[in-house]
Amino acid sequence: MNSQLTLRALERGDLRFIHNLNNNRNIMSYWFEEPYESFDELEELYNKHIHDNAERRFVVEDAQKNLIGLVELIEINYIHRSAEFQIIIAPEHQGKGFARTLINRALDYSFTILNLHKIYLHVAVENPKAVHLYEECGFVEEGHLVEEFFINGRYQDVKRMYILQSKYLNRSE
């Protein structure tokens, strides 16, 4: 079933789905962002960033065209060939193994199409399931950031994790 997941560019028609994700406090706490964004604000952001080469945003569809989640590469730096990775799986689709498939698809795109050198992410220390998943996908801890983000009324530590193109491309050899 995971093989039937498709990454495609975020389109204006997907904004209602994104709006629902962005207004879920639990989801946004994992992205270290403020929830409860207005739809007008989201549309403005979409219009502002639609042609921004420093970002790639994808929605995830299953074979029936149901929206499953969102995958983003942001802060793309074409000199240093690096980008930050972010992922959201809609709550009703979590726990089905989709994240692992989508992480690998995003890494494949990053390293074989964009020819990036390094992909990094930030994950809450208090989210051991996500840390473990990222480690299984080849990410390595690069640093521990103390009280980096203010979420749910308190500051939280995060791990910065990374994977290099060479490690990803040589993983099966």
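Keep in mind that glycine also has a Cβ here, set from the backbone N, Cα and C atoms.
As the structure is a computational prediction, the values presented were derived from the model and not from experiment.
Now, the feature entries from Swiss-Prot:
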type	residues	note
DOMAIN	5-162	domain 'N-acetyltransferase'
BINDING	Met28, Glu33, Glu41, His49, Ile50, His51, Asp52, Glu84, Phe85, Gln86	spermine binding site
BINDING	Glu33, Glu41	spermidine binding site
BINDING	Glu33, Glu75	Mg(2+) binding site
SITE	Glu84	site 'Could be important for selectivity toward long polyamines'
BINDING	87-89, 94-100, 127-136	acetyl-CoA binding site
ACT_SITE	Tyr134	active site, proton donor
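Here the features listed in Swiss-Prot are painted onto the structure.
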residue	record	DSSP class
Glu41	spermine binding site	helix
Asp52	spermine binding site	coil
Glu84	site 'Could be important for selectivity toward long polyamines'	strand
Gly97	acetyl-CoA binding site	coil
Lys129	acetyl-CoA binding site	helix
Tyr134	active site, proton donor	helix
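Neighbour density for Glu84 (site 'Could be important for selectivity toward long polyamines'): within 10 A of its CB lie 17 other CB atoms from the protein chains shown. Cβ contacts within 10 Å of Gln94 (acetyl-CoA binding site), excluding its own Cβ and spanning all protein chains shown: 14. By the criterion of other Cβ atoms within 10 Å of the residue's own Cβ, the least surrounded of the binding-site residues Ile50, Ile87 is Ile50. In terms of Cα spacing, the binding-site residues Asp52, Phe85, Gly97, Arg100 that come within 10 Å of the residue listed as 'active site, proton donor' are Arg100. Other Cβ atoms within 10 Å of the Cβ of Glu135 (acetyl-CoA binding site) number 12 in total over all chains.
The number of other CB atoms found within 10 A of the CB of Glu75 (Mg(2+) binding site), across every protein chain shown, is 12.
Comparing Glu75 (Mg(2+) binding site) with Lys129 (acetyl-CoA binding site), their Cα atoms are 25 Å apart once rounded. Counting only residues at least six positions away in the same chain, the Cβ atoms of Val71, Glu72, Leu73, Ile103, Ala106, Leu107, Ser110, Ile119, Tyr120, Leu121 sit under 8 Å from the Cβ of Phe85 (spermine binding site). Other Cβ atoms within 10 Å of the Cβ of Glu41 (spermine binding site), summed over all protein chains shown, number 12.
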